[in-house]
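K.L.:
So TrEMBL has the following annotated:
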{"type": "REGION", "residues": "B:1-34", "note": "region 'Disordered'"}
{"type": "DOMAIN", "residues": "B:6-60", "note": "domain 'HTH lacI-type'"}
Protein chains: 2
Amino acid sequence: MSGAQPTLDDVAREASVSRSTASRAINGGERVSPEAQAAVDDAVARLGYSPNRAARSLVTRRTDSIALVVPEPDTLVLTDPFLTGVIRGVSDGLVGADLQLVLLLNRVDEGPGRLARYLASGHVDGAIVASHHRRDQLESALARAQLPAVFVGRPFGDATHHYVDVDNVAGARLATQRLIDSGRRRIGTITGPLDMPAGIDRLQGWRDTLREHGLRDDAVVECDFTASGGAAAASRLLDAHPDLDGIFAASDLMAEGVLRTLHSRGARVPDDVALVGFDDLGIAQHTSPRLTTVHNPVIRTTMAATAALLALLAGAPVPTTPQIFTPTLIEGESA
Amino acid sequence: MSGAQPTLDDVAREASVSRSTASRAINGGERVSPEAQAAVDDAVARLGYSPNRAARSLVTRRTDSIALVVPEPDTLVLTDPFLTGVIRGVSDGLVGADLQLVLLLNRVDEGPGRLARYLASGHVDGAIVASHHRRDQLESALARAQLPAVFVGRPFGDATHHYVDVDNVAGARLATQRLIDSGRRRIGTITGPLDMPAGIDRLQGWRDTLREHGLRDDAVVECDFTASGGAAAASRLLDAHPDLDGIFAASDLMAEGVLRTLHSRGARVPDDVALVGFDDLGIAQHTSPRLTTVHNPVIRTTMAATAALLALLAGAPVPTTPQIFTPTLIEGESA
DNA sequence: TTGTAAGCGTTATCAT
DNA sequence: ATGATAACGCTTACAA
């Protein structure tokens, strides 16, 4: 009933070795005799010892924690299953790593200063950045702080940052091609935020595909990855281009909104207007009709980002060429 | 371009005061002359000084971090918008508190040991527990560790734990009453996991209301708060009780699944079967028909939990009577 | 292989 | 109000 945590000295005493030997035994056991190792292991178990992170950090100059940064200025996007997938992926990628996962969310309507300052202050050893926007200044902040970081999704700047991504252009091509294959010739798109690489790239893939087929690429409405945004955007898109027979929504959440708008206008899906989404993070199977979409391997992507960060932290040579995952088309009933 | 973080000594030197004075000035400024205070503030700003958390922790014996614990054994529930709301609420509740938010997720198929050990090891000053299950042993672990903690949702054990909750019984009564008011007399329910208080209480509220009206309360299928689970549960429920004219689903995610099953069976909603859900976390507005549901103020609840934890950490007297929020009925088109 | 000893950057105690 | 000085618990030369 001592209440107080046992210290390394307690362990050393219990194991009848010096504090340094105990320390060595606990940290991998270099230059420790089998007997000493066993005695220390025993003492640790008996005492329920757990190293004091603060003391360790103070001398190792590492914090043994990494930040998951979500610099999302828009509250709504947190409803996005994407974030949940990212959290799950990072968490899973950390198994056995004994690193704390510190969550760094932007407060609503807050500038980029706080996050940048925090990251520059040496409170974490590294960072994974998700939902990165052009104006969030995270790239420069991370570079200045020289903090090991991996972006989930291609960053904007020069090629100095590590990142992992899904091939959004290819995914959008898949979606658009699917619409063309089902006979559509007048295809519009509802984009993600165009200050995010995912938004930009998916628009690009849509445009490239249409042009290659000699089709018009002027039916575009910028949106925000939310369902209600998607519904509103669909109204504007259909008002401006009543002849549309296909729509590519750059996220399933937006596609859900599009579906509502189409229903309320009495347009049949896919008979009147075919629809393809993007993400496949649980929404697509629950819409009616089920959404044809592009599978975005978020968890795999994020686990890869975590692995890359761990490698960086371990000082391993990490290739600067990013890891890019290939999305696949998921057939539904909407196209 | 020194790269290294400035230390308190640097600040003291820059401000021409002793290290102790600098420290006092930085920590609230007790017994510091205005001149000294100004000089230190200046130096801090010029140097971009940020205290070394590890060194501070070592002496204060606080870690300045709290854990958000999600001991969810079931991967799927992480798709639940509930978790997103919790994260947002805790994060928002932490504004200005200068506390790190450490995310502690259960790994899939993992026992409760790791989380309990972590919490007992003094790595965090306190914890907020969400998505608590009966067998996750968190209550005893937290009690043993004497770690300040606040549960989001009533815990199982005796009244020793602090918690914040929504009145799930009242919410379920609201939902059930709504079905009765619309003329339904044969009402079933699809429950949440019955090893979770939210699952238990919502079942209770449904049952109480039916009994008070002299209606049968035997049409029950236990489920898991997921959409696909809800769809399957609805099939079983309707097979066993073909005469049902109303269903209370204990979460919107499950209600979404129920809706699919009803559609596929050609049952009209609400004409043939009326449906009320629970949560109103963004799903309800996107179904067709829009779901009638019970608003669960997750963000407010979670912010209150965070505030309570902060008070506990500050040593403030926190009443042991829990804060209970009242849910409200949200009209949709499904009942 | 082991132990001794010197810090890591901060707060807290206690004179002044 | 201020400034020495002693912890806090750990890792890591360096010596043995």
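Every residue gets a Cβ built from N, Cα and C, even glycine.
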K.L.:
May I ask for the residues of the chain that lie six or more residues beyond the region 'Disordered' (B:1-34) and have a Cβ under 8 Å from a Cβ within it?
P.N.:
40-44, 46-52
K.L.:
Determine the mean pLDDT over the domain 'HTH lacI-type' (B:6-60), rounding to the nearest whole number.
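P.N.:
A mean pLDDT of 94 is what the model gives the domain 'HTH lacI-type' (B:6-60).
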K.L.:
Reported in the order helix, strand, coil, what are the DSSP residue counts of the domain 'HTH lacI-type' (B:6-60)?
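P.N.:
Counting residues per DSSP class in the domain 'HTH lacI-type' (B:6-60), I get 38 helix, 0 strand, 17 coil.
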